[in-house]
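The structure under discussion appears below in the form of structure tokens.
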């Protein structure tokens with residue numbers, strides 16, 4: 001089990017260039033860092049949760065990290081390889097709003113049926129609250145995960161069928177930047193959109 005070569009092969013670099021918003025140099029640097037932190041070339045859910053916990057030291061990020069991990073792990077093998085990592089990172093950090101919303105939708109759609117049910121939304125919102133509620137003051141109409149979920153559904157579920165389609169999700173988020181803030185649980189990032 002020798003040390004993996006941290007230089008990306010030309011065909012891999014070509015694939016990542018086509019599927020991310022990163023430059024060749026950035027891709028090489030990210031790969032070096034990824035292999036330094038994950039010498040096996042794969043990140044497990046437990047390793048991912050430890051990393052995520054560093055970003056949210058005042059809350060419990062483990063449940064939310066599991067949802068993010070599941071969304072990064074596009075082939076469903078229980079690990080994140082460099083390709084999965086860098087493509088998800090590209091979408092979440094440099095993607096256009098619509099790409100970010102599609103990615104968020106796939107995270108919220110826990111069973112992968114193409115809709116977000118109220119219970120799926122509540123599960124994610126509860127995970128977010130566990131992660132940040134100790135450091136974020138919520139408005140009264142969002143003071144509990146249930147209230148926040150109700151507010152999101154009131155604004156997004158335009159056909160009142162009790163579930164959100166991708167179209168409703170994207171349309172709702174685009175028409176009201178506060179929904180993006182609700183989904184991200186990061187008031188400062190709403191101004192980026």
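Each Cβ is built from the backbone N, Cα and C atoms, and glycine gets one as well.
Annotated features in Swiss-Prot:
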type: LIPID; residues: 2; note: N-myristoyl glycine
type: DOMAIN; residues: 41-58; note: domain 'EF-hand 1'
type: DOMAIN; residues: 60-95; note: domain 'EF-hand 2'
type: BINDING; residues: 73, 75, 77, 79, 84; note: Ca(2+) 1 binding site
type: DOMAIN; residues: 96-131; note: domain 'EF-hand 3'
type: BINDING; residues: 109, 111, 113, 115, 120; note: Ca(2+) 2 binding site
type: DOMAIN; residues: 144-179; note: domain 'EF-hand 4'
type: BINDING; residues: 157, 159, 161, 163, 168; note: Ca(2+) 3 binding site
- [ ] Look at each of the binding-site residues, 75, 79, and point out the one with the fewest other Cβ atoms around it within 10 Å.
- [x] 75
Open item on the list: Under a three-state reading of DSSP, tell me whether residue 163 (Ca(2+) 3 binding site) is helix, strand or coil.
Closed with: strand
Task: When distances run from the Cα of residue 111 (Ca(2+) 2 binding site) to each of the binding-site residues 157, 163, 168, the nearest one - done: 163
Open item on the list: I need to check the long-range neighbours of the domain 'EF-hand 4' (144-179): which residues 6 or more away from its ends have a CB within less than 8 Å of a CB in the stretch?
Closed with: 97-98, 101-102, 104-105, 108, 114-118, 121-122, 125-126, 128-129, 138, 190, 193
Task: Same-chain residue ranges lying at least 6 outside the domain 'EF-hand 3' (96-131) that approach it to Cβ under 8 Å - done: 56, 59-61, 63-64, 66-68, 70-71, 88, 144-146, 148-149, 152-153, 162-166, 169-170, 173-174, 183, 185, 193
Task: Inter-residue Cα distance where the pair is residue 77 (Ca(2+) 1 binding site) and residue 168 (Ca(2+) 3 binding site), in Å - done: 30
- [ ] Using a 10 Å cut-off, grab the number of neighbouring Cβ atoms around the Cβ of residue 115 (Ca(2+) 2 binding site), all chains included.
- [x] 18
